[in-house]
Amino acid sequence: MWNQKITEEHRKKLLLAKNAFSKHMTKIKFEVSPEELSSLHELNDKTNPEKLEKMGGAEGLAEILQTDLQMGTRKTEKERKYRDRKKHFGVNRFKEPEFKGFWTLFKDTFDDPTLKILIVSAIVSLVLGVTVEDPKTGWIEGTAILMAVLIVSFVTAINDYQKEKQFRELNKVKDNITCTVVREKQEEEFEGEGEKLAISIHDIVTGDIVVLETGSKVPADGILFYASELKANESVMTGEIKEINKTPEEDCWMISGTEITQGEGKFIVTSVGKHSQWGKIMEKAKSKEEVNTPLQDKLEKMADQIGKLGLWSAVLTVAVLLAKWAFRLYTKLNEGQEFVFHDLVEVVDAVIVGITIVVVAVPEGLPLAVTISLAYSMKKMMEDHNLVRKLESCETMGNATCICSDKTGTLTKNEMTVVAGYFFGEKYEEVPECEQFDEKYLDIFVRSIALNSKAYFHFDEEKQKDVVMGSKTEGALLLMLRQWKQPFNKIREEQENLIAKSIPFSSKRKRMTTIINHKDGYLVFCKGASEIILDKCVMHVNGENLDSLDEERINKLKNVIEGMASNGLRTLCLAYRYVDKNNFDNFLEEDPEKEIETQLTLLSIVGIKDPVRDAVPQAVEDSKSAGVTVRMVTGDNIVTAKHIAKECGIYTEGGLVMEGFDFRHMTDEERLKIIPNLQVLARSSPKDKLTLVKHLKEMGEVVGVTGDGTNDAPALKEANVGLSMGIAGTDVAKEASDIVILDDNFKSIVIAIMWGRSVYDNIRKFLQFQLTVNVVALSTSFLAAVSGVGLPLKAVQLLWVNLIMDTLAALALGTEPPTKDLLKRRPYKKDASLLNGIMKRNIGAQSIYQLLVLLGILKFGGAFFGLDPLVAEEKLHLDCIVFNTFVLMQVFNEINCRKINDEANIFKGIFNNMIFIGIWVGIIIIQAIVIEFGGSFFSTTHLNTFEWGVSTFLGLLSIPLGFVFRLIPAKGDPQ
C-alpha cells in the first residue's frame, strides 16, 4: 500500500476535514482545489507518485475530500444534492460538440450559389422595375422573389434546427451511462460498508467511491484503493493498445474514458468533468463534422445528375428566350426604332426564370429527406426501445439478411429462478427446504454463494420492490438463499475482508472463483458451467459425508445435467476445496487459475429457469417472413440451447446445432460449407462469434449481431450493425455498438428492421414524388418557351413549388410510420437501384398526364374558359389556372406516391401519419390564399368556382389514373 506519511503542509487540511466531517454541518468547505487534484493525473508526469504521497495516498485523499473509503459520501449531503461538492469541484459533464443555432443555420442557407445569383437577379429586376417600368408596380416581381427566397431559407433553417435539436437530445441519452458508487446508507445505525447505488455518470461527484467491474468505463479520474485481477485498456489516452495491470501499490491512477477489461476494483474520485483528463480533451475538441450515410451518398449522386439535367434545361430555356428577344430587338432596330433601357427587362426576366428553373431542378430535398426521415425515425425508435448511436445503422438494419442473437435476456426474459437441482447427493425436481441439509455443508454452500458472487439487491423506487443488480444468474442463487432465509448480506459484511483473491468470471473461462482465509488455510469457492466444473471435481458431498466421484456417479451427474438442460434449464455447478497455506503459496507462484481450480468437491448443480419472452416466437417468425435468418449464438449448454432455440422457432428440423469447440477447430472452407445450415452455436466464445460474423460477411450477408459483454466488442464492431444490450450490456459493449436495445428484447430488434426499411421506403416515396414534379416543371417551362405561348410558371411561383416539393414533401413522406407489411418482403440488395420499375412507370405516366393537361390548357384553355391570351390581363388569368392546376396535380399525386409497390389501397394507413395529413391540408389552404390574395406579388388573380372546379378535378384525376397506371406491368422489388 501507499506510504501514508502526511506532510505538515497537509496536516492542517486533514484536521479541518475531520472537524468538517460532522453530521450537524450544513455546509462543507474543502481545503483543496480542483486544479490541485487534477494535477495528480497529468499524463507522463513523473512527479505524480510524489504528489499523491504528499496527500497521503487514497486514505489521505478520503480525509481531505471528507468521504470514507468504505462508506462513501455522507447521507446528509444527499439532502443537499451534493451542492457543495458540485460548486467547488464542478459537475461530471463534458463540453458538448457545438451545435448551430437557428440564425446560423438561416445564414448558412444563403451559401447556395444558385440562391445568391437569384438574389442578385431579383435586385437587378427590382432596380429596373422601379427606374424603367412603372415605379408603382415595377418593384413587385423583384420584391416577391426576394420574399420567396427568404421564406424558403426560413423554412429550411427551421427544418435544420429541429434536426439539430433532435440529435442533441439523442446525444444526451446516448452518453448517459450508468455506474455503481458506494454512498452512506440511509439507516441511522449501520456497520460495515456503505450502500451500492446505480447512478448516472453525470451524477458522480468528487469524493465518490466508484465500483469497477469487467466492462466498466471509468467515469472520472481517481485513485484506486482496492483491486482484484484488475486490468484496463488505456489506449484512448495513451495510444498503446495493451492491457495494463492496475493495483493500489504499483499503478493506482484511474483515468476517465478508459475501459476495464478484467477484474474488479474501487477508486476514489478526484476529478470530474472539465477537470478530468477526458474532460480536458473534450474541451479542446472541435464540433463533430457530419458524416453522410450510404443512402445520403447515393441520393447526393442522383441529385447531382438531376441538377445537371436541370441546368441544361435552364440553359436551353434561357437560350430560346434570349434568341427570341434578340430577334425582336433586331427587327425593332431595323425598323428604325431606338434601343431603350427598358429592353433589358426581358433579358433579366429570362435570366431569373433560368435561375429559378435551376433552383427547382436541383433536388436538395433528397439528402434533406434522408436526414428528416432518420431524425424522425431515431426519435420514434427510442420509444420502441432502440437507441441509435450511429445514423447509418438505422438504414443498414433495414437491409439486414441475418441476425446472430444471444440467448439470455434477448430471447429469454432474464428473470432467473432456481427451480430444480442436485443438492448434497440428491436430485430434486423442485427447490427443497434447506432444513433437511447437513448444517456444516449448508454453511459452506451459503458462504460460497454469498462471497463468490457480485450481484446484490437494490430497492427500485419506481417498481417499489427489490431488483437484482449485476448478474441475473447470481441473482437467482441469492433469491434462493432469501427463500431459505439465509443471512447472505450479513455474511458479506462480516467476511468480505477474508477474501484473499478473486478470479472473475469470463466468457472464455466460463467460471468464477473466490478464495477466502479459513483457519490455517484457505477455502476455494468455484462456480460455473456444469460440465466444466464437474470435470474439475474429484469428490462430492453426499448427505453428511464426502464421497469420491467414480465413473458411475459422474455419468449419473451428467444425466442430471442433461435432463435439466433438455427441459430448457440453465445448469450451474457449485464446488469448493480446502487448501493449506503452503500449497496456496505454491499455487500463487505458478498459475493459480490452472492449479487451484482442481481437486474440487461438488456441492450442488442447480437448474435455473429463464422463460422465453412472450413476443419472441412471433418476432422470429416475422424475421423469417422478412427474409432475415436468425441464429442463436450462446455460451450455454448445447442441450439447453437447442431446447430454447426450438421454443423460439429458431431451430427447425434439419437445422444444424453445433458447439463452439467443434466450430473453431474446422477449416475456413469447412465452416463456409456448414454456415448456411447452422442455426445454433452453443458453448461458444466471443472469438467464435467474431469468426462467424466474418464468414457471413464474406458470403455477402448483411449481419446484425447482439452482444452484452466486453469480449463481444470485436464482433459488434465487425458486424454491419452491432446491437448491444441496454440492461445487461457493459459500457464497452455499448460503446462498440451501433444500436443499443434498451429493453434487451429480441422483438425490439425486429422493430429496428421495420424502421430501417421504413426509412429506405420513405425516401423512395419522396423520390417518386419529387422526380414527377421536376420532370413536369422543367418540361413545361421549356416547351412553353419554345412554342411561344409564354412562360406560365413565374419565378416566385416556381419557388413556392420548390418549397412544396422539397421541405414540405420531405416532412410529409419522410415521416411515414412503419407497418408490418414491410416484413413481408425480402431485404433490398446492396446494389439495388433506388428506382424500381414500378416507380419509373409511375413517374413517367403521371408526368405525361400532367404535361398533356398543362400544355392543353395553354393551347386550348383560352377558348374553353373564354379568355383571350393576347390580352395581358386575360393571359395572366390563364397562366394562373395553369399554375393552380399544376400545384393541385402535385398535391393529389402525393397521395399516390405513398405507395411504391403497386399496392391497391393507396389510402391504407394514411391517418396513422398526421404529419402527412397536416402538411397536405396546409398546402391546399396556402395555395388557395396564394391564388385568391397573392395578386401582383405571386402573379395570380381571383379564380371563379368553375375554374377552381376544373383545376381540382384535373388534380383529383391523378388518383384514379394512378389505379389505371398500376395495371401496366412493371418490375417491382423482390418479395
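Each residue, glycine too, has its Cβ placed from N, Cα and C.
Residues 950-968 are the range that TrEMBL records as transmembrane segment, among 798-816, 950-968. Long-range contacts of the transmembrane segment (771-791) within its own chain (CB-CB distance under 8 A, at least 6 residues past either end) are made by residues 306, 309-310, 313, 316-317, 320-321, 324, 353, 357, 360-361, 363, 798, 801, 804-805, 835, 842-843, 846-847, 850-851, 854-855, 858-859, 869, 875, 879, 886, 889-890, 893, 897. Each of 309-330, 914-938, 950-968 was scored by its Cβ pairs under 8 Å to the transmembrane segment (848-870), and the highest score goes to 950-968.
Mean per-residue pLDDT, taken over the domain 'Cation-transporting P-type ATPase N-terminal' (55-125), amounts to 81. Per DSSP, the domain 'P-type ATPase A' (178-285) is made up of 18 helix, 51 strand, 39 coil.
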